Amino acid sequence: MESCNCIEPQWPADELLMKYQYISDFFIALAYFSIPLELIYFVKKSAVFPYRWVLVQFGAFIVLCGATHLINLWTFSMHSRTVAVVMTTAKILTAVVSCATALMLVHIIPDLLSVKTRELFLKNKAAELDREMGLIRTQEETGRHVRMLTHEIRSTLDRHTILKTTLVELGRTLALEECALWMPARSGLELQLSYTLRHQNPVGFSVPIQLSVINQVFSSNRAMKISPNSPVARIRPLAGKYMPGEVVAVRVPLLNLSNFQNDWQEQSAQYALMVLMLPSDSARQWHVHELELVEVVADQVAVALSHAAILEESMRARDQLMEQNVALDLARREAETAIRARNDFLAVMNHEMRTPMHAIIALSSLIQETELTPEQRLMVETVLKSSNLLATLINDVLDLSRLEDGSLELDIGTFNLHGMFKEVIDLIKPIASVKKLLISLNMAADLPEYAVGDERRLMQTILNVAGNALKFSKDGSISITASIAKSDSLRDARAPDFFPVYGADHFYLRVQVKDTGLGINPQDIPYLFNKFAQTQPLSSKNANGTGLGLAICKRFVSLMKGHIWIESEGLGKGCTAIFIVKLGIANQLTDTEQQFIPKLHGNHAPATFQGLKVLVIDGHGVSRMVTKGLLVHLGCDVTVVSSGIDCLRTVTHEHKVVLMDVSMPGVEGYEVAVQLHERFSTRHERPLLVALTGSTDRVTKENCLRVGMDGVILKPVSVEKMRIALAELLEHGVFSEAKW
């Protein structure tokens, strides 16, 4: 058989099959192109799929496969070389991508097989998360219990209630079988069982504080598990056989008030011991959050106990303060009562003593005006001196009483400062001339003529100091120097409490009284300003004195915001008294204003007042007779009555002066003055109304001026004093007692 190399003839193309293949390739290409679109949608919507790059490879593979099927549509008929090249390229790319995808699946398949393991891992993670959430819930529950316990503990400040509430709430919250609190004894050497939850043990059982288990608990701020057989854990009777529950102990700091008042490190810390027991015969154990709850509650109990201790201490201090206040109030009332009684006594004694003093001085001055033998004149002068000394003593006692109780106030006004010093010299010159002492007055050139202050108190201070110089000087001289204190001389180490304040509306007056008398021992100088102090040597004991003058001067000077001191080199070397007082600067006065400044009473009053009609009203018979005698001696035509009603019946237009006692029985002198003002419409028709009183109370003078009286004369009254008063009244229409 001959061999034949020939090609098998091709099958004729079946038009129907070709048509089916054509349609199939078209739908295959359509499906291949739609699948990547679905994968793209899946990748876009999925946020957890871990193999996105594999899906991209699958998409490329499918697209290329679809492209080959789409290109096949042109191969069923005659086609060009270009179509063949494109078809070949597409198939090569499809082969590359498909191989790469197949190789990748080799690495992906183990990961896909481990999905089950990861699922288990995620389950474990979820379980752990559940445990953590449970712990958080437990902590929240613990926090809620802590807040509840804190609220219950803080709801009271009673120590016993705090401790009992703590045990009850802890037992309820932690389901404890027993809970107890051991408190330190007063000795500090043992702990006493003070509070229990079930009340199964008698309170008062004690254990030594030096036990090792107690030291361990006290040395830590954490809750510690202790042996159920420990002495502090035996807080229930040992009846029957049972397995004791776990026991925890924690210290409770006891903060006392002293811990807040002093350094904490210097305090020996004291602790109470809280013991908590879980139920017996149970497998329950203490959890960490329960121990933390116990520690937090122990701290809260410590804070609550500290607050309670502070409250108890505050209440105790308040009670003591209230008791002290009650005692002080009682003492104050007793002191006020004593002061009122003293003042009332002094006021009564002042009035009652001045009335007979008025008679003694007035009658003695009348006798002195008559013809007397030298021996009689000496006796009368002695009576007058003794009476004046007694009157001065009365004034000093009253002034000192007012100064001590604070009722004395300065009478501030404008006065002639130069004239006041001249009057002081005029008053002490007669005594100095008798003792043959040389008196000199030196006033600085810049010393203002007028000043603002209390003229009477300033003059009284100068007279007291100058009087002491006269009293204790037998010969030599006394000099009074007045000047403005310079700023560099105001501060004095002897007066640490004296703080001068400089200003344009005031100045400080410096007065120095220097004598060549007996002198003072320097050791005695600090005591000179004490009441009733007399530190002069025996040779001067004949110089009468009460020891009140300098004490009063010191208080007057203090009232005038100054200070006073005395200098002396020793006995027999003289003495110098210096004081500084604050005075206001008077404005420039016109002639009209100067006439309203109180004039100093000179010795230029007329000898008699012939024909002057005077009406005297006094309820005291002796005083009425003495006053009439003084006025008659001065030439007055005197009418006397004993009551205000008689005065209103007797007074006429002819009476020029009415002298009345303001404390008469029946209608008082104030009411008489008011009715006389109503009866006489004009000043020229009305007589001059003058109060004659033994009361030195400031209110008395103010009341007299309030009802329209023209002057006030203070008993006792001598002939000279009455003469000056009448002269002032007739000349100026007003008279004010200088020594009020």
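Cβ coordinates are placed from backbone N, Cα and C, and glycine is handled just like the others.
Of the candidate ranges 53-72, 293-312, TrEMBL annotates residues 53-72 with the feature transmembrane segment. Mean pLDDT, taken over the domain 'Response regulatory' (613-730), works out to 85 on the 0 to 100 scale. Across the domain 'Response regulatory' (613-730), DSSP assigns 52 helix, 24 strand, 42 coil. Cα of Ala469 (ADP binding site) to Cα of Cys65 (Cu cation binding site): a distance of 143 Å. Ranked by Cβ neighbours within 10 A across all protein chains shown, the recorded positions Lys471, Lys715 are led by Lys715. Considering only the recorded positions Cys65, Asp661, Lys715, Lys471 (ADP binding site) has Lys715 as its nearest partner by CA-CA distance. Note on proximity: among Cys65, Asp661, Lys715, the recorded positions of the record, the Cα nearest Asp515 (ADP binding site) is that of Lys715.
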